[in-house]
Structures are given as structure tokens and as C-alpha cells.
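Scroll down for the structure; my scribbles are underneath it.
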Amino acid sequence: MDFAQFLQNLLNGLSIGSVYAIFALGYTLIFSILGIINFAHGAIFALGAYLTFTLAVGEFGINGILKNVDLFPGVEGGSPIGFPLALLLGSLLAGLLGVLIERFAFRPLRARGADPLLALVSSLGVALVLVNLIQLLVGAEIYSFPSTIYGSLPPAVRFDVGDTPIVIRTVQVIIFVVSLVILLLLGYVIGRTKIGKALRAVAENPATASLLGISVDRYILITFFLSGFLGGLAGTLVSTSFGISGPYFGVTYGLKGLAVIVLGGLGSIPGAVVGGLVIGLAEAFVPAQFSAYKEAVAFAILFVILLVRPQGLLGRAVIQKV
Amino acid sequence: MDFLQNYGFLLATLVQQALLGLSLYFPLLSGQLSLASPGFYALGGYVAAILLVNPAFAGLRDALGNWTFVLTWLVAGLICAVLGLLVGIPALRLRGIYLALATVAFVQILQYVALNLDVTGGAVGLFGIPQAFGFQDRWQYLLLFLPLLAVTLLFTRQLERSRTGRAFRAIRDDELAADAMGIPPTRYKVLAFVIGAVLAGIVGAMSAPFLNTWNARQGTFDASIAFLAYVLIGGSRNMWGPVLGGTLLAALPEVLRPLQDWRLVINGLVLVLASLYLPQGLVGLFTRRRAPSARPAKAEVAK
């Protein structure tokens, strides 16, 4: 591999890895607070992309129950709001969806002190409902964001290393920048604000936090909102680059996200970022002749890391109850 | 007979799914949440399909005739046992959600390998698998699945009553205490895992002719979830739980057929509602709650 190829892979890997990171953060936030994995996170990822698509394009699509329904009747050119606003609104709606899921699928179980395994099944049920609802409403079509959503930006960044041109797609730059901004914002909120302090307290020990006057239920809702927001945002960012490949496209990312958080350390926020970048880079560096196995890379890493270092790269060692 | 003609495929499927639910029940007996069953199921099916259609084994098939089918079960069971050992020994050092994730990764890796090998037919898979023993109708597979279910249930009952079964239960309830009592947890956990793997592999070997075609869609994450739902909805503390859960949940899409496109949505809702309102599983409705086991199954989510 020459240097130009190396650089190209590096940039591709950082771009997709940063999306993995914000997606995986949604998982890890919930795990750090509740100790459960929300298997509906992949469905939220898909739904976030659909919501933003609908808001930005103004149509529900060409298939399913909602086909040809115009979201903004009477508006020329589909949608009155631009892509950035649609991205924000779509992700916020995905966050609200996270809140609803917590309210109806997790809280009743928590209130009863039920087996965490049941929360897993419950979230799987939610995922099944969401994915199939998407299929019913807008069909199993592939949706691509119109190429105009990035407005007047040049189509690509290009420069030469020696004789080889390096091409960075504008989409990749945007994905990377947006992810970076979100990561910094989240780091600020969790590390520096009162909300973040309370969240960390709840994650550390809900009972003690509650005694200290922190409303645990409210911070769990906030966590689910943040998680849904991050999941939906990641879904849109990925689909601006590759398109929305049907209702099930969240499933693979959902599983890869698990690899990311285990690699970084379950419940560790910096871990999710490191894990996302590592897996994104590892995938980007898969040699062309093995590209068929690219999708398996994340799972191979997951399996190996569990055997070698189950607490992940940045996780705390698992304390066994004695 | 008309009934069997019409519903035979469905009935055989229900028993088949009940068996797959049971394959997940064995690791759970020793308290291990493993989602590896679809991997072994897919592997067993591939072993059978390759033995039954690959030209390299034509001579063997001619020599053995119908015994080839029996051979496929044995080989599938054996290969799954070996792989179960190889994966189980390192993986079962993990607990709770970590083990679940490791087994999910295992299933995914197997799936991508199957998608990319020539011998497994790549993405297309293998097709034209001959019918077992020259069966004419799909319902005749009940003649394979039902005896296997009966044998498995008998085996499970005997196992649960044996010294080994008591060791499983001891590990499930408190691994450290069991260890302190001189029960080697790893050995028993691997044993439980391997039994589940062998069962899934044999069911796969029987299912390849039943489904006539075999491809990488047979062992997916969706299947992991489905099998886990069978056990948890049916009841994870009793061997009838996976059987009941597997049968009912596999039947659900058929029962909901009048609802057409909405049935999978309803299916998901059933999962949510069942985990909310049937924490002990369906079997929990029928069994009296015994005093010591009244506390809910302790899940080992490491935190």
C-alpha cells in the first residue's frame, strides 16, 4: 500500500468511524445508566434517517401506505426547510422516540425490578415493531438523499500526493465535522454541566443519586432522549453517504455498534469514540481482495476483544460479586 | 389427511422451532445466555446439504442410500460438538451480556464465512437438496422432528435429575458458591453449551432437506432473537417453556395471517407485552411458584 492509498483509507476510516462513534454513544449512555443494551437502537438509527429524509424532501416516498402523501402541501419544490434544519428536527424526533420507548417498554419493567433479560426482549420487540412499521408506511424501497442537499459545496475535495489523486467526498467531510461537533458538545454537557454531573451520579449509583435529590427517572428519560438523538443523527449521516437501503438497514449498524461499545468498554463514553474510530479504520484498511469479509471485521474484533480483554480498551475491569 | 396436506409444513415448522428453542435452553440451564444456536443450526444444515448435494460425495451417497441422511445427522452433531468446544472453552469465561455479545459475533462471523465460501454456494446457497428418505410431503418431517423432540425432552428430564443437572442448577444460582463446593463451573458450562450446539446442529441437518434449500439467511441475528424470545416468552426455568414458546411464536405469524402486513408489527408488540406481563414466561402461569425459586432469575449483567 503506497502512501496515497494509506491516506485515502485513513480519511475514509475516520469519516465512517466518527459516525460509528456517535451511534455507539447512544448505546453506551443507556448501558452506563441502566446496565442494559437497547436493541431498538438500530431501528432508531433507521427511523432517524427516514424522518430527516421526509422533512428534507417533503414526501413520504413512493411506496407503502404513505406513498405520494405530501408533507408540505402547496410548497413548491417539496420542502420549505433545508437539510441542516431537517437533520436537526429529524434527530430531535428520533430522540423523542427514544423517550417513548423508555416510557412504554423499559420503565414498567424497571418499576417491577424485572430481570434485565426481559428488557432485552422488550427492546427487541420494539425494534421489530419499528422496522415493520417503516416497511408498511414507506415500503422497502431504497431512498437516496438528493445530491442537492449539500447546496453549493464543491462536489469533492481533491489533492494529489505524488501522482495519485486523493479524493475526499464532501459528504465525508461533513459527516466527520458534524460528528466531531456533536462529540465535543456531548463531552461538554456530560463533563461540565449540572445535567452531566447528575447523569454521572445516576450512572454511578442510582440509589445514592436518588437520596441526594436527583430525580432518577427524569435523568433516565434525558439519557434515552440523548441516545435516540445520537442514533437518529448517525442514521441520517450514514444515509447521506450511502442512501437508505430499506427498513432493515439499521440492523447491521445496530450489531456493529455493539462491537464498537464492547471494544471501547461497555458504558465508557471515551471508549465508544475510540472503539468507533478503531472499527471504522479497521474496515477501511481491509485489503481489496478480502473486501467480501469487510462486514465481518467488526465482529471478528468483537469476538477477539471479548476473549482477550472483556472490559474493552478503556473500560473498567468487571468486578465480580463475592 | 387433508389437514396434514394443508398444515403439515406449518406443523413440522412448529416442532422444529420448539427444538431450536430447546437448544438455547441447555446453556441457560447453567445460567449462560448464549445466542449461538442459529450458528450451529446453520452449520448443521450446511454439513447436511453439502453431504447431500456436493458431487464429491456422490459415491458415498450411492453406497449408503437412505443411511446418508442418518450420517448427515451424526456428522453435523459431531462437527457442532467440536466447534462448540472450540468456541465454548474460551467464550464461556464470559458472563451475561458479554457472552451474549460474543455469541452474536460468532453467528455473524459464520454467516459471512458462509456467504463467501464456494462449498456453501456463496450468497445463493445450496438448493435441490433431496428429500429425506424420499418423503413425498412436508408433514412427513414430523416423523423426524417429533421423535427428536421426544428424545430431547426425555434426555432433558433425565439430565435435570442427574448429578450433572444439579451441578448446572448450582452454577446458575450461584457460580462462586458452586465453585467453592467443588463443582468446576467451566467444565459444566462448556458441557451445557455443547449439548445445545449438538441439538441445533442435528435440527439443522434435518431441516436442510425439509426446506429443500440452505443459505446464509438460515443463521442470522434475527434467528438468535427469535430463539431467545421462544425461551423467555415460554419460560426459561422449565423445559416445557421453550417448547411452548417456540410452538406459539412460530405459529403467531400464521395465526395473524388475516392481518397481513401488520402481523410482524403485532408480533413485535406481543414480545413487548409478554416481557411486561409474563415475566416468568407462559409456563409460569401453570406452575406453582416454589418458595426458594420465587425470586426472579438473576441475570448476570456485569456492571
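For all residues, glycine too, the Cβ spot is worked out from N, Cα and C.
As written in TrEMBL, here are the features:
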type	residues	note
TRANSMEM	B:6-28	transmembrane segment
TRANSMEM	B:40-58	transmembrane segment
TRANSMEM	B:70-89	transmembrane segment
TRANSMEM	B:139-156	transmembrane segment
TRANSMEM	B:190-211	transmembrane segment
TRANSMEM	B:223-252	transmembrane segment
TRANSMEM	B:264-286	transmembrane segment
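Most Cβ pairs under 8 A with the transmembrane segment (B:70-89) among the ranges B:40-58, B:139-156, B:190-211, B:264-286 are made by B:190-211.
Counting only same-chain residues 6+ beyond the ends of the transmembrane segment (B:139-156), those with a CB under 8 A from a CB of the stretch are 4-5, 7-9, 11-12, 15-16, 18-19, 22, 25-26, 132, 199, 202-203, 206, 209-210, 239, 243. Counting Cβ pairs closer than 8 Å to the transmembrane segment (B:190-211), the top stretch among B:6-28, B:40-58, B:223-252 is B:40-58. Using a Cβ-Cβ cut-off under 8 Å and counting only residues 6 or more beyond its ends in the same chain, the transmembrane segment (B:6-28) has close neighbours at 34-35, 37-38, 40-41, 137-142, 145-146, 148-149, 152-153, 156, 172, 189, 192-193, 195-197, 199-200, 203, 206-207, 210, 223, 226-228, 230-231, 234, 236, 239, 241-247, 249-251, 254.
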